[in-house]
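Notes follow once the structure below has been shown.
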């Protein structure tokens, strides 16, 4: 794809995007979980980022049209979604202090590639490529599985964050109502302290009793590890790689391995790992085996930004916003196909506007701005959100019916 | 609410032991979930004293958290404090006499809990703190309960929990064993243990502490809690019920407004909790050598602080916060006054009561330790003198005599010192001195007036000296008391 000649930050581009492409209706259905506006939408906080570093909080709207009107008027570079409050957030100034408190909020997770800088070799900082996306894919598999299996939540929406990360929104009714304490407990359950860049890389799970949830994750990651870390990222190639690997091993076997690997400087990561596996088989105490398991987890276990998930009032960028640096749209991702997902093929706002220009104008239709996304490459992604929202709305209907019966 | 119920139930003359018709005790268990309010008549005095006794215990629980006491320490301290103020014994084996004592104790426990509910249901902040302290108290009692009593209590509760079926047990056998079995690696022992083991199945949200530690099995949102960990379910149940009950009480409270006997008491109680009713009696003879306790600062501020520090103290109490220079000036003042670093951390932790532990430890603990010379360049910073306070920027909290407008100064002086003998007749003289630019003279005059019994006019800090340092003012005042 050629370089975009459209500046994604220009107000005209964003305005056209909001007016003709942004799927407000789908977002409404997804948040509201019902066809008619409920407090899940009307008492929901939206926050706008306007040009010049202006941040507008406590906005709320009666309907999808209302939201669209305001977005087109203010033309924010992006907007974020917050919790459902006990009253309308926009009435904040007129309410008694303490009355406006968050009561519901999707359980959200944020995984960002920057947290993987200590272990990835292909890019660093803001960069991302198809290769390091493998880490995200592994994280999505583990987290998606862990949430469904351990916590039983079904309504998970994964959204590409526009540059180098991925967000997860969980909309099950129990998840919506979790308190901050619950959220903290859940995050502690699914996350592991993997240390920072310079931090101590030794994991502390070498005890015999690994909790079942971690063990299931480890089983899954053991299969991904060779391809991702050894063959693709080549984390342990060369002298530096050798030293990194040796520093994580039990001290008694380090010196013999170092001699061997220094003698063969071109030994690949895979071969080194094979050496270790052989040694582990011979070792009866299984200390080495557990050390290897730690290394697998250290490199591939999801690195979650825990603070985002712990508080109900944390704001998170809305799906389908445009990332101001890359111009890419934050599109939903199907977790079953996350491996095939390529951040470089996600439509950019410039590309979408070109597609719009290419549509032959229908002179007879006065409503040119309705659901134009259907005619662009945004369609499959909006469809994904619509299906998700439809499922939620049906569940709401089912729940209502049950309530009726109970009378 | 309370009053209405009290009236409905007329059982005069027998309010030490309340019994049901069949003669059985109303309080068969030591532990109480406080589902029902007390139904007997209560004197206003009993209403207040029982609540104050319980408040002492709850305040000490809060202090324990602020002092970073370990769980065992907390348990020991609270247990001994309970024995003194709020005794609660186990079920007596058979003796009818002792049953009478137990019932009295339990009745007091019951009553005091409900009085404090009324006092603490009014604001979100008070509710949260009350729930935390009460849940901790319940935990301590549960852990110190006799095993038999505990089981009897558990059986009496209709806890919403189901026992995991044999099929489920079988399905998750491996995981359950690896999580909870801690015996020899021997298959027969394992099998025997597993066969006897019972697991309760509850929604995971009811046992968040176990989830957080990854110490239980979770499947589809259901937690499989082994029998020995079921205390978590009880604590959560206690907490959830109390949270709900407090909200209900809060909504019902306006109906109580007409009762002029109870409202002042309740008002006083909740104030006591905010300031931290000192469980230790303040004894002026044993301070100034580093023996000042965090709980004593309120009392000291009221009697001995100069206007600048008094203002900072009152602002801190009003907002539960102070800005940077306020913290700095007041913190150093307290340090020189004799507040040790441990007590300073406790004092500020409790003062910033709207802040999470996390935020406090991250953003404030370091600064407090820094001002005590324990971090950074490890300098022993002196407290600000009057000269420094007089010359600081107007945005910083300095000398109020200089910074306040005459109107504000008058009302501040009257508000803080009228209890110590300052009257509006003294104001013109003070304001006149301030107008002439002699703030320290005005401050000295206030000292003379408020210590009128011992200090003659013109004597000042001794031999006619003026105030030059807030700590000088406070130390002199304490010395004279």
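Using the three backbone atoms N, Cα and C, a Cβ is placed for every residue, glycine included.
Heads up, TrEMBL stuff is auto-annotated, nobody curated it.
If you look up TrEMBL, you'll see B:308, B:386, B:399, B:443 marked as [4Fe-4S] cluster binding site. Per TrEMBL, the feature compositional bias 'Basic and acidic residues' maps to B:7-22. Annotation comment: TrEMBL describes B:298-473 as domain 'DNA primase large subunit C-terminal'. The region 'Disordered' feature in TrEMBL is assigned to B:1-32, B:457-481.
Within 8 Å of the centroid of the Cβ atoms of B:308, B:386, B:399, B:443, where the record puts [4Fe-4S] cluster, the same chain has further Cβ atoms from B:306, B:307, B:389, B:390, B:398, B:400, B:401, B:402, B:439, B:440, B:467, B:470. Taken residue by residue with DSSP, residue B:308 ([4Fe-4S] cluster binding site) is part of a helix.
Per-residue pLDDT, averaged over the domain 'DNA primase large subunit C-terminal' (B:298-473), rounds to 87.
In the three-state DSSP reading, residue B:386 ([4Fe-4S] cluster binding site) counts as helix. Residue B:386 ([4Fe-4S] cluster binding site) is surrounded by 23 other CB atoms, counting those within 10 A of its CB over all protein chains shown. DSSP classifies residue B:443 ([4Fe-4S] cluster binding site) as helix under the three-state reduction. In terms of DSSP helix, strand and coil, the region 'Disordered' (B:457-481) has 11 helix, 2 strand, 12 coil. Residue B:308 ([4Fe-4S] cluster binding site) has a Cβ environment of 26 other Cβ atoms inside 10 Å. Take the CB of residue B:399 ([4Fe-4S] cluster binding site) and look out to 10 A: across all protein chains shown you find 24 other CB atoms. Under the DSSP three-state reduction, residue B:399 ([4Fe-4S] cluster binding site) is assigned to coil, being neither helix nor strand.
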